[in-house]
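Visitor: Feature table excerpt (TrEMBL):
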type: DOMAIN; residues: B:53-233; note: domain 'ABC transmembrane type-1'
type: TRANSMEM; residues: B:57-79; note: transmembrane segment
type: TRANSMEM; residues: B:100-132; note: transmembrane segment
type: TRANSMEM; residues: B:144-164; note: transmembrane segment
type: TRANSMEM; residues: B:176-194; note: transmembrane segment
type: TRANSMEM; residues: B:214-235; note: transmembrane segment
């Protein structure tokens, strides 16, 4: 279990913009993820959490720094690391079954075997009856389950999830949390899960990486030590949720202050205190 | 339909216009006289009209096929390379503003009166249109689908074949349908001016011998073929694809 699976060292990422100084999306991010670990990247929009995920996926290239997966540097996307996006991204011209088989056929799995493995995974996500449906016939939650099946059927070592449940309603999301938790415990995949939902991160993860903005980077890392399967009413989780929320609020306030002007304060009874206790340093 | 035919016959019977300008449709004005339907049937039986229709259609298919190939290739290049888009893309859009019959004098000088120049303007008319619609289609492939495919290990030609091309199918069909209508117009305009047989040339013959019945017969054939291919080929394919993709249609 303690084996290091993904090692990020001093990752720096800038986006070039026309007529502007480059935007620093990620500044000096170092993170080590163990094999079979479920890590959430949590933070407000603009903190570079999706960028970090895309770099691990190979969809974007880091400006500097090093990224090792299984002690090897990565070159572009690969099917050892499959991404599940916020929108399912199912191919509308293929049936559900063909969508799930897509990755297997790329790996040159024989068609019959691919079919039976795809059906097997569709049953695991409770969509066995929808194998021959077209994507447009499914609801949002069902589509997302197909997307998860499509990713996991190829047996990737790493599953990267970019706010996979953000577009779903609360009930569907809770059901999918349970299902994902079970799939993760059954398969032992390494999962990096990007979210802006604190509860989601707390319920699912082994570790939560709280990200900060401008420049994007890691603010704090919280281990989640609670037994699984978890319930969101677990007192450990509630306590942790509040701790994270407090830190996140500071971060949010910074963002809002920059966007709405310096007189903005998120909390009405808030005294401006900076972490080094220098009173009034931000006036 | 019945009312239109009745009105037509009435105009002919009361000789509002001279008979050579407005021939009767079904019932001859004097025993054994000409009618549009009779000319149409005779033309089909004698093979004259069928032959002309056949040669027009062959030109159409050759020209359209070449235009599809050219259009897809250019459309893809415009999508793939920004430099091609900036140069050729702009050029194609400007050329498209020229009605394709305007190219006929040039085509006649280059290829002579005949099949060559007819096919040339068919290709030109349809290829420009397909280039524009296919490049737009390629450009609007959702980036998400490309990312999904590449994270699963697809790239290069496989990515094009399995995702990019498939994703453009509904738009490509709409583009082909538009280009087909342009090509059909181009064939007839080309034959009308450039000779070389076919329905267009026969129309010109009808004009020169003042055979309005022949002209109307040909116009009927042109209309029937045009709407047949549109309704029975393109509309069906389009509906099938849209239904499969779950895109709502007005029908």
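Keep in mind that glycine also has a Cβ here, set from the backbone N, Cα and C atoms.
Predicted automatically and left uncurated, TrEMBL annotations should be read as such.
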Visitor: Please identify the stretch among B:57-79, B:144-164, B:176-194, B:214-235 with the greatest number of Cβ pairs below 8 Å relative to the transmembrane segment (B:100-132).
Guide: B:176-194
Visitor: For the transmembrane segment (B:57-79), which recorded stretch in the set B:144-164, B:176-194, B:214-235 gives the largest number of Cβ pairs separated by under 8 Å?
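Guide: Out of the listed stretches, B:176-194 contacts the transmembrane segment (B:57-79) most.
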Visitor: Restricting to the same chain and to residues at least six past its boundaries, which positions have a Cβ under 8 Å from a Cβ of the transmembrane segment (B:214-235)?
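Guide: For the transmembrane segment (B:214-235), the nonlocal Cβ contacts are 23, 36, 39-40, 43, 49, 52-53, 57, 173, 176-177, 180-181, 184, 188, 199, 202-203, 205-207.
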